[in-house]
Amino acid sequence: MKMTGWKKKLCRGHHLWALGCYSLLAVVALRLSLRLKCDVDSLDLESRDFQSQRCRDVLYKNLKLPAKRSINCSGITRGDQEAVVQALLDNLEVKKKRLPFTDTYYLNITRDCEQFKAQRKFIQFPLSKEELDFPIAYSMVVHEKIENFERLLRAVYAPQNIYCVHVDVKSPETFKEAVKAIISCFPNVFMASKLVPVVYASWSRVQADLNCMEDLLQSSVPWKYLLNTCGTDFPIKTNAEMVLALKMLNGKNSMESEIPSEYKKNRWKYRYEVTDRLYLTSKMKDPPPDNLPMFTGNAYFVASRAFVQHVLENPKSQRLIEWVKDTYSPDEHLWATLQRAPWMPGSVPYHPKYHISDMTAIARLVKWQGHEGDVSMGAPYAPCSGIHQRAICIYGAGDLHWILQNHHLLANKFDPRVDDNVLQCLEEYLRHKAIYGTEL
């Protein structure tokens, strides 16, 4: 008996409906399968699934940090002048209108830590076994601008690393509370156990790092190297690139260490006293202990764990530390001198062949106003595209291509109130490279 027409249509309709349901279920199953393959909590970091393009796409979709507005970050990082000019013009229009994230914003958003970490897109899992097996320690000294601190922390954060944060005792209470609120969301980020009031160019800047050194050595995290940062620093390498660079040091340290000029020698010729600021006295200092020749550098270092241990425990190191406490800007000659001391692990000899400039060391990339100029005429770098503070460039978008060509781990100075576009593009660049291993 033949099936009537309406029955045929009904069967065909049921068939199409079922086929549609099965297709929908297949799509859902495929998406779920992709998500499960990228479940970093249960996935082998060396597995093909984790390293696959599909998995990386899923990760990047959830963790990307695209620049706001319509600036061309890919072009800016490649040095495309049209993209750079557009970003600089855009910055002139928006920087006066831009409202930075406030202490109150962070106090509110961190009430729910999981929401905070997800919304601010912190990477909460190791991206490779190499990174997992090579934890890095950070000493982060801050005193203002909570947004700068949070963005720096997000940029250098990895769950296998360990972070000590020193907040200036003189900082506003709301700032200190906001820092505490942020770090309370991470098991591997903590406040230094001893906080000091930090006075510019005085011993207290070194003491802040020493306090973090003591705390970090007490940590159960088997970190290999210590990097120190301030609030205007930002990384220019991914965590994976940092691990590779630190492994290549093979136990050596990396920091500026050069023969001081006569001008710099005056910094330790007379004693300085501290009240609300640093004052020069007429009291002459004795020569450095242990007939140690003095060297000069900057406040930043890439130091091995063994070096840090000897800073705190070696009697000769302790004598030098006591001696520099009443000098001007001791952070700019203490580390540089210890780096040349023969008893310090990872140090290099006194000989002039081992002098290390800030451009040779990997600790920090800085543009000094006095050295800017025409590169074709021998200047080390082109003029700053941002502004200057204490003769140091606060970077603009026009500096980013040059920045990324250098081998340093971090650069200084950045400030979103001066140029947020350069920071946004650097964030986008680093996040893309962290996930994919390639540039924008």
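Using N, Cα and C of the backbone, Cβ positions are placed for all residues, glycine too.
As annotated in Swiss-Prot, N-linked glycosylation site applies, among N72, N108, to N108. Here the topological domain 'Lumenal' (31-440) has a mean pLDDT of 96 out of 100. The disulfide-bonded residues in question are C212, C230, and the one with the fewest Cβ neighbours inside 10 Å is C230.
Around the Cβ of C425 (disulfide bond), 27 further Cβ atoms fall within 10 Å across all displayed protein chains. Taking the Cβ of C185 (disulfide bond) as reference, residues of its chain lying under 8 Å away and at least six apart in sequence are, in sequence order, T110, C113, F116, K117. Note: the CA-CA distance between N108 (N-linked glycosylation site) and C164 (disulfide bond) rounds to 23 Å. Within 10 Å of C212 (disulfide bond), counting C-alpha to C-alpha distances, fall the following of the disulfide-bonded residues C73, C164, C230, C384, C393, C425: C164.
Other C-beta atoms found within 10 angstroms of the C-beta of C164 (disulfide bond) number 26, with every protein chain shown included.
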